[in-house]
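Q: Straight out of TrEMBL:
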DOMAIN    B:67-277  domain 'ABC transmembrane type-1'
TRANSMEM  B:12-38  transmembrane segment
TRANSMEM  B:71-90  transmembrane segment
TRANSMEM  B:97-121  transmembrane segment
TRANSMEM  B:153-176  transmembrane segment
TRANSMEM  B:197-219  transmembrane segment
TRANSMEM  B:264-281  transmembrane segment
Amino acid sequence: MKKYLKIALLIAYIALVFLPLVQVVQMSFLTTVSAASSQQPVFTWLNYYHLFTSPTLGAAFFNSITYVLLNICLTIPVALPAAYAFSRYSFIGDKHLFLAFLAFRVTPPVVLALPMFKIFSLIGLINTPFGIALAHCLFTIPVSIWILESFINAIPKQLDENAFLDGYSLPRFYYEILLPLLAPGIGVAAFFCFLFSWVEVVFARILTVTNGKPITMAIDALFGFSTDMGLVMAVIVASVIPGMVMFYFVRNHIASGFTIGGQ
Amino acid sequence: MIKKTDHSNGWILASPAILILSIVGLIPLLTVINYSFFDIFILDKRYWIGLEWYQELMQSPRFWASLGRSLLFSTCILAIQLPLGILIALAIPKRGIWVPICLMTMSVPLLIPWNVIPIIWLNYLRLDTGFLGQFLSFFGLDFDWKFNPIHTWLALILMDVWHWTSLVILLAYSSLSTIPTAYYQAAAIDRASRWQIFRYIELPKMSGILLMAILLRFMDSLMIYTEAFGINSGGPQNATLFLGIDLGEQIKAFDYGPSAARSVIYFIIILFIVWAFKTALNHQKSGGTR
């Protein structure tokens, strides 16, 4: 009996999550008609055809994917040693450092958007995917450190000690022992980098003035005097797909153990 | 609990992360603090005015009202998302083929760009064509998110619950999955009730992660901007003018000085909350070792 209750709860929740999305998918296959006309919307593939043939939308997708991948490439190599340090060493000020990282994770982009724009325009990073990737490090690095730290905590410390006794240097231990063991953790951290970078809007907007517009801005740009809602919905559907692909790769590790502080 | 070694190498290993976060976090923050003491018309021409912006902000009823609104919003969000997230996480099976399917389907809202969320919801809520809007008007409810402040609030809370509960579920579920089965067997031998299992085994195990979930959800909803702005731009009559929206509008108007002072105050609020969270975490760690 209790088992059925659980299943009912899960189905109800998933249904509620999916209802707005079902409407999005439905509208993406319908023609857009203006409210004034008496026409009924009919089934069409045209929205997806427009999506795939539009050069601006294609470029926007390319830009988004570029900065998200750049962000992952920036974040993981930097977060990994820091996570290792937090997991294994206690050093002067480690608690405060962790606190500072956490504070940056929860600082909303609006607070730092203006000076970020000034600084990035000084060093010529406006309108480049690299600029957005760097800006998004503000929250992806702290999140990745936290995730990787909990994955490193799950690895017994004897492993490090034995490796060092066997004469491994720290970098060699990293590449030959720690990295292969941490592959799931790195996957999950990369997924969370993707998650927070792909959906972010404030930095992505302020750092792309004329060029390098990401998909989020391309969707905004579709709105006008007469908006083709069908096309908007098709773009929304397409914008979720890369995330689903990422999720598929880490599906078995995503729930395999976030802990906090080495418990 | 892992015993940690004392090692000053820690700082060296953390230094690349510190370097990048200095560029994208610390330097912009210092710049904002610097701006906040000036009256800036264009950036080359500015006048030192000291704490004037701060005084102005502290005396503005609009600021305190939006702070109150944001705190109320975050409280509502936490009060719904945390219990709901834990409940759903407990309902997901412990292992098997359905686990990744459940997690994946639930996480879809997390993958949607934030500026798209209000577009989806405004559509969903349309009385003539939206699924939810049609449902409500079928029962004779005239859901008017545009002009009725209570309805705008409901729409925002519903939207945020839909958008972010999955994060709480993911975190809660992953910490649940680290509990060894021996714990449950011991509880079964002791004839522990379901509530006792939750109270004395699951909740203590989850507490660290839940604190993290609370911090993330509290801060992100306190400073909500993109999604809330998309629904009703802070209206009707400022009823949903949250901290983030107020700041965002000031920045769009290139009001350097006042917006910088506002940013600094927000950052102080953030620091205070993070500090309180860290204290709670340490307290829980030292008191909750078992």
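From the backbone N, Cα and C atoms, a Cβ is placed for every residue, glycine too.
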Q: Would you kindly check B:12-38, B:153-176, B:197-219, B:264-281 and say which stretch has the most C-beta pairs under 8 angstroms to the transmembrane segment (B:97-121)?
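A: If we count Cβ pairs closer than 8 Å to the transmembrane segment (B:97-121), B:153-176 scores highest.
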Q: Looking at the transmembrane segment (B:71-90) and the transmembrane segment (B:197-219), are there 3+ C-beta pairs under 8 A, with each pair at least 6 apart in sequence?
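A: These two segments touch.
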Q: Sort out the residues at least 6 away from either end of the transmembrane segment (B:264-281), same chain, that have Cβ-Cβ distances under 8 Å to it, and list them.
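A: Contacts with the transmembrane segment (B:264-281): 29, 32-33, 36, 54, 57, 208, 211, 214-215, 218-219, 222-223, 243, 247.
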